[in-house]
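Everything on this sheet refers to the single structure shown next.
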2 protein chains.
Amino acid sequence: MRAISSISFSGQLEDKIEAAAACGFEAIEIFREDIIGFDGPPDEIGRFARDAGIAVLSLQSLRDYEGLSGAARTEALARAEKFLDLAARIGAEMLILCANTRPESHAEGALEDLRLLADMAAARGLKVGYEALASSRHIPTVAAAHAAVQAVGRKNFGLVIGTVHLFASASGSLEDALATLREIEPQKLFLVHLADTPTTRIDPALIAASFRLFPGQGTLPVAALYSQLLVQGYDGPMSIESFNDQIRSLPAARIAEDAMRAFHLLEETHTRTARPRADLRGPGLVEFTAQGGDVDDFTSLFNALGFVETHENGPVSLWSQGAITLALNTTTKGLAHSIYLVQGASVSGVGLVVEDMPLMLGRIGLFHGEAVELAEPYGFARLRGPGGSVLFLQPGRYAPGPEFHVTGAAPAQGLLTHIDHVAQALQPNLFLSGLLFYRAAFDLRAHELRDVLDPHGTVHSRTLVNDSAAFRLSLNASFGAGTTTQRFLGKSGFAPFHHIALASDDIFGLAAKLDPQDVLAIPPNYYEDLALRFDLAPDFIARLREGNLMYDRDEGGSYLQLYTRAINGFFFEVVERRGYTGMGAANAPVRMLAQLREIEAEEALHLL
Amino acid sequence: MRAISSISFSGQLEDKIEAAAACGFEAIEIFREDIIGFDGPPDEIGRFARDAGIAVLSLQSLRDYEGLSGAARTEALARAEKFLDLAARIGAEMLILCANTRPESHAEGALEDLRLLADMAAARGLKVGYEALASSRHIPTVAAAHAAVQAVGRKNFGLVIGTVHLFASASGSLEDALATLREIEPQKLFLVHLADTPTTRIDPALIAASFRLFPGQGTLPVAALYSQLLVQGYDGPMSIESFNDQIRSLPAARIAEDAMRAFHLLEETHTRTARPRADLRGPGLVEFTAQGGDVDDFTSLFNALGFVETHENGPVSLWSQGAITLALNTTTKGLAHSIYLVQGASVSGVGLVVEDMPLMLGRIGLFHGEAVELAEPYGFARLRGPGGSVLFLQPGRYAPGPEFHVTGAAPAQGLLTHIDHVAQALQPNLFLSGLLFYRAAFDLRAHELRDVLDPHGTVHSRTLVNDSAAFRLSLNASFGAGTTTQRFLGKSGFAPFHHIALASDDIFGLAAKLDPQDVLAIPPNYYEDLALRFDLAPDFIARLREGNLMYDRDEGGSYLQLYTRAINGFFFEVVERRGYTGMGAANAPVRMLAQLREIEAEEALHLL
């Protein structure tokens, strides 16, 4: 049973219930604090949820109950009665009890108190779910809570576990976490809370308080626990309990969609364990939308890079070189033009070559609540990605239909061979959501978060790749208003493609042919610095400098990069990989610095 | 010697050097990466700095140098030569060497390599500063680096320590950190890096990478280390090396000011250790700026709360009750009106009653680069605080001069007695800067960061208090655009006062007199929830509900609160403390929820 906790959402309880129901959740857990904002007495919550088509799974959470003595125990018992009454009133089937964290609580009386609570709950037809807390003296671990549940020995008293806590108590070891799971009798397990964390290098209590993500957005192998639970025969509720400022700032409907997507990703990962399969083969057609002077700006840059116009179909022209096809769309109708109106000259669609199209289309319909449409005039399926960005799904390399007439022949010996990677800039609150979208929809792997120092702040970057590494996507977001990423977003909408990297097997040759006006000028001191970082021959450095090329190296080999001038913030990168596997992150701050100078020079001109 | 590292700034090296020089720093450390963006050959950096009036202290940093063998050692030696050449070219007196973190480095050869580097440096007239790194196998601690420096035994080879690393290697224990310091011979210590951290509950490497704050902005007792160093007779350079996205998003001039303020705070804390003294006695006059219909809105709210107009002087009227004086300023000239034009009807100044005015005025001039002006018509000194907010400095309770004519008598038996606390909302990138301003200027203590759950995101909150707890200020910031805090800021500038809490000794009496229209309506389920949280008599809860009062309790006693309706986002809070020492943070989410409903209802009306 797929459930979600109301704490995963921001906003009003009514909106949370409706959003969860609309996205197909079968049950919702309700945080006590959320009842305060409900517009009606608590007794109406159960009916409201039923009307929306969702069950109330639990009331979260009774705390500091068991193992007290004297007046404190009397008070705790009275409080427990009130919580059980409230759970019954809101139509929940279960009350969550968190292990007592008060220092004065003692293990001796705890068992009797837990039995008492189970019996009080049974009298109301309710279950009690018991959850360990790292800060509890007596029940800090899942194993301790499991032992207590067994000792209590009541049918309506069971265990609640959470993935973040489970990994934390296993010191982040998957083997230990799985071993703990295997010890648990399935019928004693009432509920599993699913969440992820961005890093395991933070104090567990701090993560629990502030940094919980949806499964798939962080670094924990939540999918392995999910699989193990199914293998063990667990068929009780699993509930997404996430908590994070970045997530909470999104509307309830988006949060519910992302949470359901996280479930689908877990399920897919589980069913695929036996047969790994890459869903994408690589990037495909890239479409640009432009009007007026920007059209010439793009075509002159395409020409400079060695692209040749091969086809035309009304307002759409195709430009080819190697395995790369670019489309320049000057239409004044439809989605491409709408994108132009919103964000000016820009990438209006990126193609993804899909391995098994019928499977992909079936999955997208069933999976994410996303719909595909037909992308004219290419005949592709079109899908809207993060922030409304456009993705084309192609069954293979794009071959223009008869409605395109031939205007030229692709160059036989172009210096560019294929698309190396694509970079998308996201508004910061869409970063986690976008990451989950790409992981779930296309089964991409996410590398660890990397922070790149822009001159005016930090740009957070994560690279997503498919299994064959033929498709590489870099997602970038930044909170600083002055960073190049955020400045680009400021004029280009919510999630535009920021640059496309084209692979070359002769970047020096290309650099020699390019007009310096078309290339981003690299600060001369970069080449001084390069001599400190690497043991390079002076004349090699001189050649790099002459071509405004950048250089990096890793265990696999070396990497050469150049950047074109920007058109409305968008730019091409040209790369030559000589065994290197990274994305040139070490050079990104210098590129941002150089671009910022151009932006500021341009802005200064506008002020004149 | 007060220094700062170029990594503490964002932007261009030239701006960093000039900003540091303008704020009185004597030296700057230069990060290698910053040289890339310098507009000229590295050789010109030293002269550029000298012309700006600041020395180049060091080149940061040679890494992975010592303890290698074979070709790697040859390469490291060649690299070291290049780094020393660069240090000499930029006019630095010292090269910073970070302990080798490569797993293949070995302790055996390291000593010889360090001596070699010292001699290579000596040949150029340079010093080498050696810094331990937690991730280094051989030199993970300050003690290990100190031992190495002693073993090297060269006059120009000394130790570099950093406060964050020092606390981390002492497991956060101040005693252990001080003990480590005491072992160090002052003449072997070449440089101290000063920084703070927001919490000690994060992995040290992660803090070092992303979360370093200015001293005074976080939770480490940096001032105690600073004092100990002076007591030991250390008179070498101390350099602020901070690193944080929130700080980096500020302009260079603001960063330099804040860093210098951090130095002044350290120095003041050091000189005061012998004679603690509170600088503020409490809050003073609160001035509101208003025009047109807002004037009546304020006066009717003042009247409803029991204030009486006592004085008038042209456009300024004074309103009194108990120890509270409010000024309503309807001027169309000067600063108060400028604030009206920028942010509409709002608080245009908050008075602070200063214990020793000559001392305070002397300090402000000398201390922060801030200037005071005369605040007409009150005759106070006026100081601009975070984001340009206005603070009046009063020598005691405000007594209007003869230019004010009497219009009425303050109520003999008012229900409000004094100002309990003041809340200011800050744009998120000003949060740390504002915190440091209040700490440094008024010697306030800062409580730990607290996160309050607004329905649409998290509001970060820190409470600042003076020693007598008579002055309490709550600073709030939020990244979520939909939070009540951020919505208020959206229409009210950078750092407006969001609410003023007034103390009452009969809040039930006041609630009974107030028109329900003037009071924020609390959701009925709040009172259901209260019964779960506390063991309160049903008729007491009924009285709370009737008056729209909120309730909280801590070890000290209980707390009653009510909120007035908002005027342009500003509102009053009325509190009755019955021994309670907190700020009612547990109720803040409910208050935000209730206010959000009012805001949304109002916005819906505007859309009609």
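Cβ from N, Cα, C; glycine included.
Taken straight from TrEMBL:
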type: DOMAIN; residues: A:418-565; note: domain 'VOC'
type: BINDING; residues: A:His421, A:His499, A:Glu573; note: Mg(2+) binding site
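Known features from TrEMBL, placed on the structure.
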residue: A:His421; record: Mg(2+) binding site; DSSP (3 states): strand
residue: A:His499; record: Mg(2+) binding site; DSSP (3 states): strand
residue: A:Glu573; record: Mg(2+) binding site; DSSP (3 states): strand
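Summary of the Mg(2+) site environment: with the site residues A:His421, A:His499, A:Glu573 set aside, the chain residues having Cβ atoms within 8 Å of the Cβ mean position are A:Asp420, A:Val422, A:Ala423, A:Ser474, A:Ile500, A:Ala501, A:Leu502, A:Phe572, A:Val575. In sequence order, A:Val422, A:Ala423, A:Tyr563, A:Phe570, A:Phe571, A:Phe572, A:Glu573 are the residues near A:His499 (Mg(2+) binding site), counting only same-chain partners six or more apart with C-beta under 8 A. Listed in sequence order, the residues of the same chain lying 6 or more apart from A:His421 (Mg(2+) binding site) and placing their CB within less than 8 Å of its CB are A:Pro283, A:Thr463, A:Arg472, A:Leu473, A:Ser474, A:Ile500, A:Ala501, A:Met583. Counted within 10 Å of its Cβ, the other Cβ atoms near A:Glu573 (Mg(2+) binding site) come to 21, all protein chains included.
Looking just at the domain 'VOC' (A:418-565), the mean pLDDT is 90.
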